[in-house]
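Following: one structure in structure tokens, then a few remarks.
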Amino acid sequence: MKSLSLLRYLAIAIIVLLLDQLSKWSALSNLQMGIPEPVLPFMNWLLLFNPGTAFSFLAQGSGWQRWFFTVLGLAASIYIIWMLYKSQSDKLLCIALSLILGGALGNVLDRVMYGAVVDFIDLHYANWHWPAFNIADSAICVGAALIIWGELRKSFGKSAQSH
């Protein structure tokens, strides 16, 4: 039974990975580097390569960050798979970890194939732009938010029971 549940959570990660890679393939096929394509009043498609990490942190490195973040992403993925195996009774946590796993693998694949992560979603208000991101980044953020929400629910549940 445990392996069937694990397969379900791994399927979520694979779906995230496929959606991420298909969206990046579309961006690479249809967008020109650095030229915004308006989609909505607050959103552009904007093809960029990010050799760093979130918010382009360490993007100016000499190239070491490609393999460092690749190894880090693979190590995190192995740990997440182990966590999925051990935590199957907590469905919210497993869904969150599956989203993070799919996103991490999507960005690792980019680093291996392109030497950088492919970003293409540009949210903005007037002249202020949020750093460009992708589906993998979104899945990682949603997964992290679900983990925080789950922990807060547990914490407040325990607090309410003790009063």
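Positions of Cβ are set from backbone N, Cα and C atoms, glycine also.
Sequence-distant neighbours of D119 (active site) (same chain, 6+ apart, CB under 8 A from its CB) are L46, L47, L48, F49, N50, P131, A132, F133, N134, D137. In this structure, D119 (active site) is part of a beta strand by DSSP. What Swiss-Prot records for D119 (among others) is active site.
The active site annotation in Swiss-Prot covers D137 (among others). Using a 10 Å radius centred on the Cβ of D137 (active site) and all shown protein chains, the other Cβ atoms total 20.
For 9-29 (among others), the entry in Swiss-Prot reads transmembrane segment.
Annotated transmembrane segment per Swiss-Prot: 39-59 (among others), in sequence order.
Residues or ranges marked as transmembrane segment in Swiss-Prot (evidence: sequence analysis): 67-87 (among others).
A Cβ distance under 8 Å defines the sequence-distant neighbours of the transmembrane segment (92-112), meaning residues of its chain 6+ beyond its ends; these are 5, 9-10, 12-17, 20-21, 24, 66-67, 69-70, 73-74, 76-77, 80-81, 83-84, 118, 134-140, 142-144, 146-147, 149-150. Swiss-Prot lists 92-112 (among others) with the feature transmembrane segment, giving sequence analysis as the kind of evidence.
According to Swiss-Prot, the transmembrane segment annotation covers 130-150 (among others).
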